[in-house]
Amino acid sequence: MKELGRLITAMVTPFKTDGTVDYAQAQKLALGLLDSGSDGLVVVGTTGESPTVTWEEEHALFAAVKSAVGNRGKVIAGTGANSTQEALENTLKAEKIGVDACLLVVPYYNKPTQEGLYLHFKTIAEATKLPCILYNVPSRTITHMNPETVIRLSQIPNIVGIKEASGKLDDIAQIINNVRPDFTVWSGNDSDTLPMLAMGSYGVISVASHLVGNQIKDMITSFVSGNTEHAAAIHRHLTPLIRSLFVVSNPIPIKYALNYLGFEVGGLRLPMTEADEKTAALIRESLRGYTIDLPIK
């Protein structure tokens, strides 16, 4: 579903000093991301600490960000769960709030079969009018959704695309070759954006775009317009920064970077912890080599 955009940022969830969600700062961040290259935003995905944000907080964040963004960009609600019924109910609530699409992660911990994955996503998609984006991230979910399952799911009309974060480029090529023509594939790893574009993907659902959104957008636009040398140069330039943002579990590094740069997003909820000094020093050193696109003040 190409109207959702080529560059989508998976937003962090800002917290106040008392640990409650800072909805006003989430709105400010959303607008800043749109001002620095993002076409759309994922609200309460992995980067948004979905495991430790309550359903009520999630729904309030969906509403707050959609209210702030209006028609300036697309809002994609992270509504996935490892319970089909919970994911379905959360998706229906997001639809009622008025978001533009939903992101549905592969169920984690309970390790469903490929048939279970198919039925999970089919059940949710058939219950909602929202465009549904699949999310394959086996490094977090353990279960890998096979290309054959994705291809099968792509025949369901409102399953419109996939965030592919497996890093398995052979599988991704098989998906791109066999899904229906309007099914959209986004990279789910910043480091794979350009390689996947070369294979026929559409864009990226990014973490690094919190900081360098305009530069990532330039890379994508350059590649699509045929200026592959410029796109490759940007990719090489951004690689050290991207590496530093994943030196420990996301979103620990990106939250540290934003706070360090002066855009306050608060801490993390346990069991996630803040960056230790070794990690913080590495991120600070990495940031020195880059122009930051996000409006900080």
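Glycine residues also receive a Cβ, built from the backbone N, Cα and C atoms like all the rest.
The shown structure was predicted, so the numbers you read here are calculated from the model rather than taken from an experiment.
Annotated in Swiss-Prot:
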type     : residues      : note
ACT_SITE : Tyr135        : active site, proton donor/acceptor
ACT_SITE : Lys163        : active site, schiff-base intermediate with substrate
BINDING  : Thr47, Ile205 : pyruvate binding site
SITE     : Thr46         : site 'Part of a proton relay during catalysis'
SITE     : Tyr109        : site 'Part of a proton relay during catalysis'
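Swiss-Prot feature annotations superimposed on the structure.
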residue	record	DSSP (3 states)
Thr46	site 'Part of a proton relay during catalysis'	coil
Tyr109	site 'Part of a proton relay during catalysis'	coil
Tyr135	active site, proton donor/acceptor	strand
Lys163	active site, schiff-base intermediate with substrate	strand
Ile205	pyruvate binding site	strand
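In this view, the densest Cβ surroundings among the recorded positions Tyr109, Tyr135 belong to Tyr135, judged by other Cβ atoms lying within 10 Å.
Within the same chain, the residues at least 6 positions away from Ile205 (pyruvate binding site) whose Cβ sits under 8 Å from its Cβ are Ile8, Thr9, Ala10, Val42, Gly45, Leu103, Lys163, Trp186, Ser187, Gly188, listed in sequence order. The two recorded residues Tyr109 (site 'Part of a proton relay during catalysis') and Tyr135 (active site, proton donor/acceptor) have their Cα atoms spaced 15 Å from each other. Counting other C-beta atoms within 10 Å of each candidate's C-beta, the recorded positions Thr46, Thr47 are led by Thr46. Taking CA atoms as the reference points, Thr47 (pyruvate binding site) and Tyr135 (active site, proton donor/acceptor) are 13 Å apart. Other Cβ atoms within 10 Å of the Cβ of the residue listed as 'active site, schiff-base intermediate with substrate', summed over all protein chains shown, number 26. Cα of the residue listed as 'active site, proton donor/acceptor' to Cα of Thr46 (site 'Part of a proton relay during catalysis'): a distance of 10 Å.
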